[in-house]
Structure formats: C-alpha cells, structure tokens
Amino acid sequence: MEVVISFFSFLQGLGVAVMMPIILTIIGCALGAGFGKSLKAGLMVGVGFIGLNLVINQLFGTAIGPAVQEMIHRFGLTLNVIDVGWPAGAAIALGTTIGLVIIPLALIVNLLLVLVNFTQTVNVDIWNYWHYAFVGSLVANVTNNIMLGFAAAIIDEVILLVLADATAKDVQKALNMPGVSISQGFSLAYAPVAMGLNWLIDKIPGVRDIDIDVESMQKRFGVFGEPLFIGTVIGLIIGCVAYFDAADVAGSITKILTIGVTLGSVLILIPRMAALLMEGLLPISEAASNFIQQRVKNRGNIWIGLDSAVAVGHPVTLSLALICIPLMVLFALLLQPVGNQTLPFVDLAAGTYMLAVAVPVCKGNGFRGLIIGIVSVIIGLLISTALAPLITQSATQAGFDIAAAVGSTGVAGSSLITVLSDGGSPLSGLFVLFSSINPIVGVVVTGAIACALAVWNRSRILKEAAAMHEAQEA
C-alpha cells in the first residue's frame, strides 16, 4: 500500500501540466486511439494548461491582485479573518491520513461508480482530488473521528461527480468541448446555487427575458462590444478606483492604462489557451465515443472530468470575474453588520473559478451570471467567516505556517485565517454544519443526499444509454 501511495504522491507532485499528458496518453491508448495520437493529444493539453496558468497567474494575478490590495487599503477594511488562499486548504487536505490515501481511494471509488452507472465522469484531474480530502479533514477535526472524515471525503466525491454529470452538456455546449465535464470541487459546489437561481429567474416575468451575451454585445456595440474592449474598459474602471491619485496624476494614469491593457489582453489570451486544450481533448473524446458505440451496449456517454481552468476561457465568465473580484472587496465591507469578517486576499482569483460552471448553467447569459456571481460572493464570504476558527485550527495541526502566510499579505492584526475558495464552498459549509450538530447525523444526512443523487443519476444515465443505442441501431 505504501508503494501505491508513494506512486500517486509522485504523480500529484508533477503538477497538472505534466500529469495530465501522462494520464490522457494512457487513457487514449486504452480507448484505442493509438500511442502517437494519444501522446500528441496529451502534450497539447499540457501546453494548454501551461498557457492558461501563465496567463491567469502571471498576467491576471499580477494585475488584479495589487489593484484589489490597493482598494483594501483605500477602503480601510479592518477585518480579523484573513484569506490566505488555497495553499492553506491544500495543506489541511494533504496534511492528514485522508490526504495521504485520497488519490488511490477516490480513483477506485470513481471507477466503481462508472462501472455501476452511478456517474459518467472519469475524473482524470488527480491533482484536484485534494478538494475531497479538504472536506474530509475538516469533518475529521470537527468529529475527532478519522473514519468519519474518510466517509465525508467519499460522500463529497459522489455528490461532485453527480454535479459534474448534471452540468456536463451545458459545459460542453458553452465551451465547444465535446466529451468533457468539469470535476473540480470548488467550481461544482456553486452549481446548485446557479441552478436554483436560474430556475427562480425563469419564474419572474420580464426579468427572465433579459439576456446579455457576447453576441448581443457585439451586435449592439460593434467592435466595442468585443471581449478585448470589454476587458480593457473593466480594467480601466478598476484601475481608476484602485490607483487614481490627484497628487500624482501622471503616475496614476500609467498604472490605470497598464491594468486596462493587461485585462484586455487576458480576455483574448485565455480563450486562445483554452482552444489548445480543446484541440488536445478532441481525439480522446472521439476515441471514448467510438469505444462506447463499438464495445459497450448498456452504457451512456463517458465524460472526461477536468479542472475548471478549461472553462475560464469563456468571454462571459472572464468578464463577470473581472466585475466580481472587486465586488468581493465591496461586499466584505457591506456584509460586516451581518457577520462577515473575511478579508478577501490571496484567493481573489477564485471569483473566476466560482463562475466556471455557473455561466454554462445559465447558457452564457451575462445578466443571470452576474446575479449568480453576486449571490455566490455573499455566500462564500459568510461561509468562509463561519469556518475560519476550524480552518485556523486545522491548518495549525497540519503544520501550515500561519504567521508567514499572514505576514506575506501585509495585513496586520489578523488572528484567524480562512480559505475563500474551498473554505467558502457551500459543500464545505454543509458538511461541517451537519457534522457539528452530531457526527452520526452528519454522515447519515450527507450520505443520504449522495445516495439519492447517485440513484437519480443512474436512472438518467440508463435512459440516455437506451435512447442513444436505439438511435444507433435504427
């Protein structure tokens, strides 16, 4: 067992850009695509991930991060919970026994669920298995029971795989990526929020007819409705709020123009990188489809579960993310009277991933996406505040250097830390809430939800499989 754990730990340590080409090459060969074709597809996906990470972390992160930090100082936000980002979440997840075995355990569970038709998604995004372990580690700390933590991690996986299936076709249509689903835990946790709000808006006359998308913007405003100009304008607005200084107009203008052009570039470059991902995934998707048609007669489509980074290239997602990120700072201030103490900081870019599944669910409608984004920001801030004591305790037990993490933000006086991404996830909040009431109640309630979703999903998959194979035989 130790050898297996060491192997998967090594694989995880390679990083997504190296790990994904290896995994996809193996999958492609297993599906009959041939070694050369599979290797090329895997390497192309690796190139896409490297490009996405460069644009998101180097361009997007270095532009939006300092601007929002400047806003925080300008608004004088004094909150006592500091967001130190996903590294703390990963430390909590991987610093326990659950984290040590989560990759082989979750992979086995995933394959078993596929075999019995409880899910269509094969989650090859092994690096992000830590999201399951994060929930499991929090529950283990709340209940003082490592076995309940393992149970929570697996229940979380089942729920997320069903959500990946439920949103797969919307994701494929919005991103023009056949055969894939988004399996990343943080993005999927907000899918029920998006589905619920989308359903609610459909019931409101007048409001349900509001539709703002890229095509309508381009038709109405011509070249000024294109993503390049939208990103530039949003960047200029953010720059003005963050940097304008009447005492240094020349310096202010330089910073404002720089962030404007940078964010305009982001809205062009990210879709280009996503296109490389799609180019690599297409042969694997086709091989999976052919494999099912030729060799499996009682099964529906199989989706390849990927990181939500593949979805951030959608122009509506990017545009809304640029709006929602500064809104996080504004709502952090406005929500203080109702209990918010989270100061958004390291995980500010999480706003992009928060919307990665939500935008496809609302069919790329920018108006609905904005409503969903605002509600999601509010939910995330309040949950991350509520979980801050537990996250601080768990991070300490995992050996995470809290003092260094807080010190690197330059924010003084913060006694508690949180993780705005997974620490603000509705699923994390749900698991901790039920487990806090009673350890057994937590497992029973969340387990019942997971079982009900899995049974519903199996019924849907079998109906889809029957219809698909009937159509092929006709």
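From the backbone N, Cα and C atoms, a Cβ is placed for every residue, glycine too.
What TrEMBL records for 6-31 (among others) is transmembrane segment.
What TrEMBL records for 8-458 is domain 'PTS EIIC type-2'.
According to TrEMBL, the feature transmembrane segment maps to 43-68 (among others).
Long-range contacts of the transmembrane segment (88-114) within its own chain (CB-CB distance under 8 A, at least 6 residues past either end) are made by residues 4-5, 8-9, 11-12, 120-123, 126, 129-134, 136-138, 140, 146, 149-150, 153-154, 157-158, 161, 302, 391, 394-395, 397-400, 402, 405, 417, 419, 421-423, 454. Residues or ranges marked as transmembrane segment in TrEMBL: 88-114 (among others).
Marked as transmembrane segment by TrEMBL: 180-201 (among others).
Annotation comment: TrEMBL describes 221-244 (among others) as transmembrane segment.
Counting only same-chain residues 6+ beyond the ends of the transmembrane segment (256-275), those with a CB under 8 A from a CB of the stretch are 48, 51-52, 55-56, 59-60, 63-64, 67, 175, 227-236, 238-240, 242-244, 310-315, 318-319, 322. Residues annotated as transmembrane segment in TrEMBL: 256-275 (among others).
What TrEMBL lists as transmembrane segment is 316-335 (among others).
Taken from TrEMBL, the feature transmembrane segment covers 367-390 (among others). Counting residues 6+ beyond its ends, the transmembrane segment (367-390) has Cβ neighbours under 8 Å at 81, 83, 138, 141-142, 190, 193-194, 197-198, 201, 210-212, 316-317, 320-321, 323-324, 327-328, 331-332, 335, 338-342, 344, 350-351, 354-355, 358-359, 361, 416-420, 423-426, 428-429, 432 in the same chain.
Annotated transmembrane segment per TrEMBL: 402-421 (among others), in sequence order.
As annotated by TrEMBL, transmembrane segment applies to 427-456 (among others).
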